[in-house]
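Colleague: Sharing a structure with you now.
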């Protein structure tokens, strides 16, 4: 399903319903504000094969009236919207205009946005990490973070030693970033054992092949050995760099000296 952004019908209409006397207004502005606005929505299924148009009316953030193209007339959501629903349903020209909006508004705008929204693809960024840094054989939660992708249809699966995990999976669902991209967290509840390999696999329309990111369960001693190895490697690089610096500095100093005993 493709969804167009909700568009205010004209603008938010601010109604000031309380009139204060001039002396009071000079002292303190305590007038209440009331907000009435409407939203137009277009819902598309399989492109423009099936289109649904909604016109929703709100008063103080509460919906009270709507027109649904699937219904073909106005329906009151609360008692406040009932008089308007009865009034507009009695006017054929208003109903004809709203029913035609499926074509004049929704399909028309779909053609405008089609070149931008439908072909647009943004590849996801995938990272895997545990929520707790504790010894193995303890309950832990592995997180597969999938971020900054478009469109929103995405499939995330967990594997342990090459076998797909079907239970213990929790997801945040699709989260909108507000910049035409999405993110989601898919977590696996497990008790990691030494030597196990956990894999998060992501499939998305922007990818020609699934993306896989691995997390290997290691004992504390193995982690310490790995950190020691990395630390030794970095320390070796530092000493090598210092040695090369001293060597080239000495070479430069010697080349600047004139040999003694030669006639000039």
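Any Cβ shown, glycine's included, is placed from N, Cα and C.
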Colleague: In Swiss-Prot, one of 16-25, 216-225, 226-235 is tagged region 'Connecting peptide'. Which stretch would that be?
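Modeller: Comparing 16-25, 216-225, 226-235 with Swiss-Prot, region 'Connecting peptide' matches 216-225.
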Colleague: Could you tell me how many residues in the region 'Beta-2' (122-215) are helical, how many are strand and how many are coil under DSSP?
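Modeller: Grouping H, G, I as helix and E, B as strand yields 0 helix, 52 strand, 42 coil.
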Colleague: For the region 'Beta-1' (32-121), how many residues does DSSP put in helix, in strand and in coil?
Modeller: 37 helix, 33 strand, 20 coil
